[in-house]
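Now, the feature entries from Swiss-Prot:
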- CYS44, CYS47, CYS51, CYS79: [4Fe-4S] cluster binding site (BINDING)
- LYS81, GLN148, ASN173, CYS177, 210-217, 242-246, 261-263, MET372, GLN376, ASN482, 508-509, LYS531, ASP558, 717-726, ASN801, LYS818: Mo-bis(molybdopterin guanine dinucleotide) binding site (BINDING)
- PHE793: substrate binding site (BINDING)
- 37-93: domain '4Fe-4S Mo/W bis-MGD-type' (DOMAIN)
- 1-32: signal peptide (SIGNAL)
Amino acid sequence: MNLSRRDFMKANAALAAASVAGLIIPVKNVNAADTSITWDKAVCRFCGTGCAVLVGTKDGRVVASQGDPDAEVNRGLNCIKGYFLPKIMYGKDRLTHPMLRMKNGQYDKEGEFTPVTWDFAFKTMAEKFKSALKAKGPNGVGMFTSGQSTIFEGVAKSKLFKAGLLSNNIDPNARHCMASAAVAFVRTFGIDEPMGCYDDIEHADAFVLWGSNMAEMHPILWSRISDRRLANPDTVSVNVLSTFEHRSFELADLGILLKPQSDLAILNYIANYLIENNAINREFIEKHTKFKRGETDIGYGLRPQDPREQTAKNVKTAGKMYDSSFEEFKKLVAPYTLEKAHEISGVPKEQLEKLAKLYADPNKKVVSYWTMGINQHTRGVWANHLIYNIHLLTGKISLPGCGPFSLTGQPSACGTAREVGTFIHRLPADLVVIKPEHRKIAEKIWKLPEGLISDKLGFHAVAQSRALKDGKMQVLWQMCNNNMQAGPNINEETYPGWRNPDNFIVVSDPYPTVSALSADLILPTAMWVEKEGAYGNAERRTQFWRQQVKAPGEAKSDLWQLVEFSKYFTTDEVWPAEILAKNPAYQGKTLYEVLYLNGQVNQYSNDELKGRLNDEAYHFGFYIQKGLFEEYASFGRGHGHDLADFDTYHKARGLRWPVVDGKETLWRYREGYDPYVKAGEGVSFYGQADKRAVILAVPYEPPAEVPDRKYDLWLTTGRILEHWHTGSMTRRVPELHRSFPNNLVWMNPNDAKKRGLKHGDKIKVISRRGEITSYIDTRGRNKCPEGLIYTTFFDAGQLANKLILDATDPISKETDFKKCAVKVVKA
């Protein structure tokens, strides 16, 4: 299929029109032409929306896909990436054998990539792991994992590192995108993830998008919002806030352009407006909330020697919250007047007031959506809190059409990274490694000796790169992501650690990405429906799929790699002698035996597969996915994180947890919807001991880096519709690659003119950390205000993240990809 950009955009417009009209693409239109195709359900491989698809296979290959008409999320529709899903697996450069850098028949850091056996690869890895553990301790080895890993893979990773190698040095790329949301959810409500669901869309009167371009990043949800808005033009509004104008502005009734970081001031202004105009829900506040004050002047998560960290007063207590009161909260937000918010944000006063009145209207049901504009922020945790504040002050929460809703960018950032707990500090179901009682629960469920799991935190994502560079960490295994392209400040902080001659880097990937080619060992990985899988999407919906085709060559799933690798270690090599002395039954056993042959994971027979494909189950001799899932699910059942039984998910189109007595939960914390809220309670934020949600007072604070005379422009980065993240999958789809082959830099025409530039010119974008060569766009879909440029990071030929400052939120440790200073010159 040869699709021009014009045809591509027309096709996408037609798809959007079908969405707005509420049409469903019937199955018979897609598969009637070839009855020899076998169809089964799966989940889209891309964003966190969680669209369900039907996958068509023939002669051992995926040959077609279509939206699943029985799926509640997408109702038979898929975005343009979803329609090209079959092609992501068949790039010409697909990896099919383990590849190790070798010279003269042995591993050499400067050697050429050479095919090796899996056994040779694992023996080399195990030797490096054991050496690093001996030299540097548990944090000498680490894993950088992903919100794209399946739930089963996430469980296996967490067990291998936290229960096997006794290292909490495992962190996901969700640290770069969802950590601020997760931290703020837990701090506010005591439990992670949104209380609402996508059904809010059909109930809301107003949608407010904070730093979210849903039209391109969550197009299927946007189609539902468009349908709601266009069907009710007199009663429903769409309101969009961003630092530049993008496609979501096309539907906006109120489109607001704000200065970078000023969202904090705007949100505090709205809270002040609500109080000053008596638009708060006093009864709700008194019954269901409590007030706290946050620490201020907390730094920017940079290296300790950075002057910005040296001058910050409260770096070490960044996450501290102090008991407060409504009166103190009122006093702290009082300075954020209309005039002050306008001064900081640059937003016209009438727009600010209109937005505040929208939240204040007691008859308006409002949903606030946000993604990376709020989360990828040096004060991302604060920004999340401030959105919650507005909904808690008005009581517009945990009701159909009312609530704060953080949208995820990866298919299982929620289900795997957050719910399973593949962060350095987490265990399943919101348990954390620093609490002894939580570690004890994990040890009991995993059948481990008491006192085995460590309370020592590992290095978070950005800190892993620094630790490799500094020699504090010697081995990294990266799975299911491309951090050498996606991470921040890659020239100064990431690449040096990877090529440090004392370090050993392993990358598991289906393709020779920038990360893979920078590694020492590449492990070829099975993709998507080449394995049985499960994802958890942004609305707490857990969805399963079965393996439908086999991976090419010797490529193996991440699950197979993790579990097989565990056979190369014994407890005597990695567990403390004193624990083994007290628990002699564990002595001399492999980690495979104690983690995966523990009587729980291996209790389900392969007979249950009834002959279906499942490479991992047949290799290990038991239904490993079912065993891992049921063991993991026991963490949350009866504790507000209830999952249904394994077999139910293979029959259903997903269920939103908590699932109690076979029934999913659409809105949490509200009586009548949530089984954990008792009769008569009305609302119960039961994640908190006192069942009260936190309203937090925190101020506006400036960004870590701002434009100056030398670097006179803001740079913000993100994605576009046609490509996903680093493009390692979408750029291998010919139609998607042709539609948008290379990255561009969007710039205001006046800024271009001042620099003697015009549309289409070749330019250099230069920051204090690096530079890229690209082309300028002054006419396209993204319209930047003067003083700001926008670019994407999908293009491996440009590596835009060389420009990015590795500043993070000091509480969540999430990177700010949205704000740094650059200059633009003609190339």
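Backbone N, Cα and C atoms are what each Cβ position is placed from, and that goes for glycine too.
Feature map: annotations from Swiss-Prot on the structure.
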residue	record	DSSP class
CYS47	[4Fe-4S] cluster binding site	coil
CYS79	[4Fe-4S] cluster binding site	coil
GLU216	Mo-bis(molybdopterin guanine dinucleotide) binding site	helix
GLU245	Mo-bis(molybdopterin guanine dinucleotide) binding site	strand
LYS531	Mo-bis(molybdopterin guanine dinucleotide) binding site	coil
ILE720	Mo-bis(molybdopterin guanine dinucleotide) binding site	coil
HIS725	Mo-bis(molybdopterin guanine dinucleotide) binding site	coil
PHE793	substrate binding site	coil
**Asked** Quick one: which residues besides CYS44, CYS47, CYS51, CYS79 have a Cβ within 8 Å of the [4Fe-4S] cluster site's Cβ centroid, in sequence order?
**Response** PHE46, THR49, GLY50, ASN74, ASN78, LYS81, GLY82, PRO219, ILE220
**Asked** How long is the line from the C-alpha of GLU245 (Mo-bis(molybdopterin guanine dinucleotide) binding site) to the C-alpha of PHE793 (substrate binding site), rounded to the nearest angstrom?
**Response** 18
**Prompt:** To the nearest whole angstrom, what is the C-alpha distance linking LYS531 (Mo-bis(molybdopterin guanine dinucleotide) binding site) and PHE793 (substrate binding site)?
**Reply:** 28
**Asked** GLY211 (Mo-bis(molybdopterin guanine dinucleotide) binding site): which of the binding-site residues CYS51, CYS79, PHE793 is the nearest Cα neighbour?
**Response** PHE793
**Prompt:** In the domain '4Fe-4S Mo/W bis-MGD-type' (37-93), how many residues does DSSP call helix, how many strand, and how many coil?
**Reply:** 9 helix, 20 strand, 28 coil
**Prompt:** Relative to the Cβ position of GLY211 (Mo-bis(molybdopterin guanine dinucleotide) binding site), how many further Cβ atoms are located within 10 Å?
**Reply:** 24
**Cβ atoms near LYS531 (Mo-bis(molybdopterin guanine dinucleotide) binding site) (within 10 Å, other residues, all chains)** = 29
**Item:** MET372 (Mo-bis(molybdopterin guanine dinucleotide) binding site) in three-state DSSP notation
**Value:** helix
**Complete:** Judged by other C-beta atoms within 10 Å of its C-beta, the most isolated of the binding-site residues CYS44, CYS47, ILE720 is ILE720
**Prompt:** Just how many other Cβ atoms lie inside 10 Å of the Cβ on MET372 (Mo-bis(molybdopterin guanine dinucleotide) binding site)?
**Reply:** 26
**Request:** Summarise the model confidence on the domain '4Fe-4S Mo/W bis-MGD-type' (37-93) as a single mean pLDDT, whole number.
**Result:** 97
**Asked** Measuring Cα to Cα, how many angstrom lie between MET372 (Mo-bis(molybdopterin guanine dinucleotide) binding site) and CYS47 ([4Fe-4S] cluster binding site)?
**Response** 13
**Prompt:** Near CYS79 ([4Fe-4S] cluster binding site), which of the binding-site residues ILE720, HIS725, PHE793 can be found within 10 Å, Cα to Cα?
**Reply:** none
**Prompt:** Given CYS44 ([4Fe-4S] cluster binding site) and HIS725 (Mo-bis(molybdopterin guanine dinucleotide) binding site), what distance in Å do their CA atoms have, once rounded to a whole number?
**Reply:** 15
**Prompt:** When the Cα-Cα distance from GLU216 (Mo-bis(molybdopterin guanine dinucleotide) binding site) is computed for each of the binding-site residues CYS47, CYS51, PHE793, which gives the smallest value?
**Reply:** CYS47
**Distance [Cα-Cα, Å, rounded] between CYS51 ([4Fe-4S] cluster binding site) and PHE793 (substrate binding site)** = 24
**Prompt:** Distance between HIS725 (Mo-bis(molybdopterin guanine dinucleotide) binding site) and the residue listed as 'substrate binding site' at the Cα atoms, whole Å?
**Reply:** 7
**Request:** Sorry to bug you, but what's the C-alpha spacing from PHE793 (substrate binding site) to ILE720 (Mo-bis(molybdopterin guanine dinucleotide) binding site), rounded to the closest Å?
**Result:** 9
